[in-house]
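Here is the structure we will look at.
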Amino acid sequence: MILRRVTEALEAYKNGEMLIVMDDEDRENEGDLVLAGIFSTPEKINFMATHARGLICVSLTKDLANKFELPPMVSVNDSNHETAFTVSIDAKEAKTGISAFERHLTIELLCKDTTKPSDFVRPGHIFPLIAKDGGVLARTGHTEASVDLCKLAGLKPVSVICEIMKEDGSMARRGDKFLSDFAIKHNLKTLYVSDLISYRLENESLLKMFCQEEREFLKHQTQCYTFLDHQQKNHYAFKFKGAKTHDLAPLVRFHPIKEDFDFLTTGAFEAFFKALEYLKREGGYLIFMNTHSEQNNIVKDFGIGALVLKNLGVKDFRLLSSCEDRQYKALSGFGLKLVETISL
């Protein structure tokens, strides 16, 4: 079923059709219209504005954002899902920039190899979004899903996305009859972010385990697993054996580290040592993820952590969490189930 949904969606996408892409109910729980940027037309942009009603954005890779000199919209991103907005833009030759034609013109420029940063003015009416390297395997958002679709379809990694709102202005949620009726009415295929995660996991991997050894960690004997990701960064999992070990649903604690394995200055210091006591007593996994941000002392890319758990053969797990942690969402595509959250 998943393979069929993905292959049919990719075929439609590479033929210039829009898709409805939905994320998990425990995340944004939204349906977005998604269109490959190279197939943008004024008519399709008008359709998004008229029928989807949300904010029209353009997802693209970090390389393209750098090429067009599109810096982040803010220096510290503290939005709920850390959506990576850049400064907004218009095509330089646009008048107001808001018409469907002029928004299409801006999108068209983002898709051309010859476009220069000076071809845009800032701010504007198109909102670029930078997709995480690694796509949905690094961050389970519509931004990454739309760029992944372009890459899987062999298209330039620029995608137009727009949230779908109901006629009363409320968001169209996954499971709403509105979205299924919308898809039927406009003859649109539907795809889930979890479908893309499953599809990519079947065909590629961002993570490889290259070392497994017994190692003492803070005066406790553990099994240490070392992983290398697609950016040549190391991530580590320490398995603790406790008196009350639950192999079917082990305890898991995620914690950020810096390149030099510095884990004591990356935030959640008190919670870290509380988690350590749980792990020593009950067993489980302490996973160090090399995704630390100097601006926000939190683990930002849960996708890597999910891949570590998947590589370790974990399916169900119990999360050791603290108020400094953000929620871990969109797990279904990784074959994981969070069965309990233990507050620290």
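From the backbone N, Cα and C atoms, a Cβ is placed for every residue, glycine too.
Taken verbatim from Swiss-Prot:
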type	residues	note
BINDING	Arg27, Glu28, Asp32, Arg139, Thr140, Gly141, His142, Thr143, Glu163	D-ribulose 5-phosphate binding site
BINDING	Glu28, His142	Mg(2+) 2 binding site
BINDING	Glu28	Mg(2+) 1 binding site
REGION	1-202	region 'DHBP synthase'
REGION	203-344	region 'GTP cyclohydrolase II-like'
SITE	His125	site 'Essential for catalytic activity'
SITE	Glu163	site 'Essential for catalytic activity'
Within the predicted model, mean pLDDT of the region 'DHBP synthase' (1-202):
94
Looking at the recorded positions His125, His142, which sits with the largest number of other Cβ atoms within 10 Å of its Cβ?
His142
Which Cβ among the binding-site residues (Asp32, Glu163) has the fewest C-beta neighbours inside 10 Å?
Glu163
Rank aside, I only need the closest one: which of the binding-site residues Asp32, Thr140, His142, Glu163 has its C-alpha nearest to that of His125 (site 'Essential for catalytic activity')?
Glu163
Tell me the coarse DSSP state (helix, strand, coil) of His142 (D-ribulose 5-phosphate binding site).
helix
